Amino acid sequence: MSRLRALLGLGLLVAGSRVPRIKSQTIACRSGPTWWGPQRLNSGGRWDSEVMASTVVKYLSQEEAQAVDQELFNEYQFSVDQLMELAGLSCATAIAKAYPPTSMSRSPPTVLVICGPGNNGGDGLVCARHLKLFGYEPTIYYPKRPNKPLFTALVTQCQKMDIPFLGEMPAEPMTIDELYELVVDAIFGFSFKGDVREPFHSILSVLKGLTVPIASIDIPSGWDVEKGNAGGIQPDLLISLTAPKKSATQFTGRYHYLGGRFVPPALEKKYQLNLPPYPDTECVYRLQ
């Protein structure tokens, strides 16, 4: 048992119920009046955009998503780390709206961030860093680290903020349920193809057995980008980046946010993305 505690980077193995430990909360995303969907005034006289733009915004195929990405890099000269920082901040912001620290049973709330070997994993590292700044207690599992300066720097930034990294993944869903209040799935993004290999096949098997909520970044890992996966993990929160992908039509969780407020208007028009009007200075928009 002492080895397990040391491995997971937490002082105590806290026993608890295998149900999401989230207090009741109010609707997290509010904005000003907009044409983007049916709205109503709440008791404070503010507009509540609870019903959002999921039937209007364009859902991208894998090919379209890749084309948009390439134009951002090549035509508009965005760098990978620049977009990764904006995406990761959006993810942390969406998590803070869906699961604010005050709604969680622990203080600070414990979050397990599982990062894959590509850019989606990089988004997860950035997300973990911002979650720490937002008052959460993230722990990272990053089993396949690319030998590239960008990812090495992201790891260093997290380590310098005293964010622990696990040496191995807990093998039992119950262990994760007991130690964490939320799991962030930052394993695979929209560019993933082929069969899921180890160690990620085993990781996804564990995630399917969780009772704590899962927040997936851009694509629920293991899903087909366009068709989804009814037998795969079922996140409670999906954070679509740039624009939703077609698989998001199969999402049945409670919260669907759009993040990544960096798309140039000309690019949005070219691909007819029909992105919603982000309220004020917000970097995320609730679609569902």
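Glycine is no exception: its Cβ is also placed from the backbone N, Cα and C atoms.
Features of the protein shown, as given by Swiss-Prot:
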{"type": "TRANSIT", "residues": "1-47", "note": "transit peptide"}
{"type": "MOD_RES", "residues": "Ser49", "note": "phosphoserine"}
{"type": "DOMAIN", "residues": "65-275", "note": "domain 'YjeF N-terminal'"}
{"type": "BINDING", "residues": "Asn119, Asn120, Gly121, Gly122, Asp123, Gly189, Phe190, Ser191, Phe192, Lys193, Gly194, Asp195, Asp218", "note": "(6S)-NADPHX binding site"}
{"type": "BINDING", "residues": "Asn120, Asp185, Ser221", "note": "K(+) binding site"}
{"type": "MOD_RES", "residues": "Lys144", "note": "N6-succinyllysine"}
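What Swiss-Prot annotates, mapped onto the structure for a quick look.
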residue: Asn119; record: (6S)-NADPHX binding site; contacts (Cβ under 8 Å, 6+ apart): Val80, Met84, Gly189, Ser191
residue: Asn120; record: K(+) binding site; contacts (Cβ under 8 Å, 6+ apart): Ala186, Ile187, Phe188, Gly189, Phe192, Ile217, Asp218, Ile219, Ser221
residue: Gly121; record: (6S)-NADPHX binding site; contacts (Cβ under 8 Å, 6+ apart): Cys115, Tyr142, Phe151, Ala186, Ile187
residue: Asp123; record: (6S)-NADPHX binding site; contacts (Cβ under 8 Å, 6+ apart): Met84, Ala87, Gly88, Cys91, Ala186, Gly189, Ile217, Asp218, Leu241
residue: Lys144; record: N6-succinyllysine; contacts (Cβ under 8 Å, 6+ apart): Gly116, Pro117, Pro199
residue: Asp185; record: K(+) binding site; contacts (Cβ under 8 Å, 6+ apart): Ile114, Leu207, Ile214, Ala215, Ser216, Ile217, Pro220, Ser221, Ile233, Pro235
residue: Phe190; record: (6S)-NADPHX binding site; contacts (Cβ under 8 Å, 6+ apart): Leu60, Gln62, Ala65, Gln66, Asp218, Ile219, Val225, Lys245
Site extent for (6S)-NADPHX, whole Å (max Cα pair distance, Asn119, Asn120, Gly121, Gly122, Asp123, Gly189, Phe190, Ser191, Phe192, Lys193, Gly194, Asp195, Asp218):
22
Could you tell me which of these binding-site residues, Phe192, Gly194, Asp218, Ser221, has the greatest number of Cβ atoms within 10 Å of its own Cβ?
Asp218
Listed in sequence order, residues not in Asn120, Asp185, Ser221 with Cβ within 8 Å of the centre of the K(+) site Cβ atoms:
Ile114, Gly116, Gly121, Gly124, Ala186, Ile187, Phe188, Gly189, Ser216, Ile217, Asp218, Ile219, Pro220
